[in-house]
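Per Swiss-Prot, the features are:
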- 1-23: signal peptide (SIGNAL)
- 27-38: disulfide bond (DISULFID)
- 34-153: domain 'C-type lectin' (DOMAIN)
- 55-152: disulfide bond (DISULFID)
- 127-144: disulfide bond (DISULFID)
């Protein structure tokens with residue numbers, strides 16, 4: 001009997017400790033949750049600037065998606081694959097080449113630096129998109145005026 005109570009208590013402790021790893025927030029209807037953020041694929045094609053503006057209008061802290069890890073990359077690729085028609089070749093991310101003080105640097109539209117890189121090809125174009133030919137797992141730089149669907153991301157509000 002004592003062993004049963006001990007094991008039951010241990011399982012309860014494990015369950016409670018795991019319950020705070022991402023399941024303690026809710027995203028709005030139509031949004032998907034991953035690692036403390038909410039994501040949504042927007043199918044209506046827009047140029048990069050209009051897509052970023054749209055994302056910032058959806059929620060506080062909203063931006064085009066930044067991808068900070070392989071796990072997040074896989075999540076976003078699956079989300080895009082499930083929601084984008086087969087005719088779409090590219091999907092905007094928040095990746096943008098900035099020309100600051102005559103030095104090119106790449107950063108995300110939310111202001112974070114690029115800590116995880118997964119570029120397929122680096123062209124002299126300024127805006128980053130996911131590439132269909134790679135299952136939306138790799139990024140390519142495109143001209144920012146091109147019209148593409150996109151992914152928005154925001155931290156949920158408490």
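Every residue, even glycine, has its Cβ placed from backbone N, Cα and C.
Everything Swiss-Prot records as a feature, shown here on the structure.
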{"residue": "27", "record": "disulfide bond", "DSSP class": "coil"}
{"residue": "38", "record": "disulfide bond", "DSSP class": "strand"}
{"residue": "55", "record": "disulfide bond", "DSSP class": "helix"}
{"residue": "127", "record": "disulfide bond", "DSSP class": "strand"}
{"residue": "144", "record": "disulfide bond", "DSSP class": "coil"}
{"residue": "152", "record": "disulfide bond", "DSSP class": "strand"}
Query = Can you tell which of 144, 152 has the most other C-beta atoms within 10 Å, given these are the disulfide-bonded residues?
reply = 152
Ask   = Within 10 Å of residue 152 (disulfide bond), Cα to Cα, which of the disulfide-bonded residues 27, 38, 127, 144 are there?
value = 38
Request  = Determine the Cβ neighbour count for residue 55 (disulfide bond): the number of other Cβ atoms within 10 Å of its Cβ.
outcome  = 26
Request  = Show which residues of the chain containing residue 27 (disulfide bond), separated from it by at least 6 in sequence, have their CB under 8 Å from its CB.
outcome  = 33, 38, 39, 156
Key: Cα-Cα distance linking residue 55 (disulfide bond) and residue 144 (disulfide bond), given in Å to the nearest integer   = 16
Ask   = How big is the gap, in Å, between the Cα of residue 55 (disulfide bond) and that of residue 127 (disulfide bond), rounded to a whole number?
value = 16
Query = Which Cβ among the disulfide-bonded residues (38, 127) has the fewest C-beta neighbours inside 10 Å?
reply = 38
